[in-house]
Amino acid sequence: MGAFGYFVILFLGVLGLVGSVHGDLEMNFYAKSCPRAEKIVLDFVNKHIPNAPSLAAALIRMHFHDCFVRGCDGSILLNFTSSTGNQTEKLAPPNLTVRGYDFIDRVKSLLEAECPGIVSCADIIALVARDSIVVTGGPFWRVPTGRRDGRISNLSEALANLAGPTNNFSTLQTKFANKGLDLKDLVLLSGAHSIGISHCSSFSNRLYNFSGVGDQDPALDSEYAANLKAKKCKLPNDNTTIVEMDPGSFRTFDLSYYTLLLKRRGLFQSDAALTTSSTTKTYITQLLQGSLKDFFAEFATSMEKMGRVDVETGSSGEIRKQCAVVNS
């Protein structure tokens, strides 16, 4: 064999090495290593989420918050310990209201009993989020698997990367673009606000002190604001009262969230921000002119795109034995 032949073999070997380090997500990644994995997840979701439908919104929010910090690597699940050396994402203010950690741990324990050390916590979050939305009547999307679990989790990175309820349009655009997501993805993924609840503290500045002089946000419908003040967030410093994000329809994954946006009744500044750009406002109008089926299909595309953000695959990261701590 000539030098060229050796070069080709060497080159292909390097490619193979690169592939094993980076790999890629694939449908039914666990088909051989843990054939029942996805069914175990689905069965658990189907058994428990119908009894606690608000958890579906919490779990898709967890998936968002995981993917926006270091990619979809399960880093949101890590507890602060002496070995982490720093405060973890979980302790960042935007994540203090994230729920569902116990749900993920229970799924993980079932999977560990079935096939120890095989299914990542990162994949569990992605699968649970999808299955929870489907069982509550929302859209289905493909979840390719093969994510590995990250070993690093930083509170400061969560603060820097997560989109927040007070973000304006340019901040949202930048934070989404940093993850390879465009304005259409921003509009579609915000549609998850069609379900779930919020605390008054996430938007009370819009009611009581928008620009620091005891004023109300002029971008918020005055009748809606008056109603919120009278019936929900009666005090500026209310941290406990919860409010439906899509009043009258907060358990149904539908288009009414977008209808409310155009009526200036989006709960967060970040919701209202979607109507301040002609591009995003056009997307909203187009969604409302289309069918629910169209919205579901487009939402599914954006969710699959988000689920691929900065994933660790191949031999990167690890498969955690327990989702809250890195392997020792």
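Glycine residues also receive a Cβ, built from the backbone N, Cα and C atoms like all the rest.
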Ask   = Per TrEMBL, which of C67, C72, C115 is disulfide-bonded to C34?
value = C115
Query = Which of these links to C323 by a disulfide bond in TrEMBL: C121, C200, C233?
reply = C121
Query = For the disulfide-bonded residues C67, C323, which one has the sparsest Cβ surroundings, going by other Cβ atoms within 10 Å?
reply = C323
Query = Among V69, C72, C115, C233, all listed as recorded positions, which has the most CB atoms within 10 Å of its CB?
reply = V69
Inquiry  = A 10 Å Cβ contact count, applied to the binding-site residues G71, D73, H193, D246: which residue has the minimum?
reply    = G71
Query = For C121 (disulfide bond), what residues in its own chain, 6 or more apart in sequence, show a Cβ-Cβ distance under 8 Å?
reply = G74, L77, I104, K108, D149, R320, C323
Task = Report the residues of the chain - excluding D66, V69, G71, D73, S75, E89 - with C-beta within 8 Å of the mean position of the site's C-beta atoms, for the recorded Ca(2+) 1 site, in sequence order.
result = H65, C67, F68, R70, C72, G74, I76, G150, S153
Request  = May I ask which residues of the same chain, at least 6 positions away in sequence, place their Cβ under 8 angstroms from the Cβ of D66 (Ca(2+) 1 binding site)?
outcome  = C72, D73, G74, S75, I76, L77, A122, I125
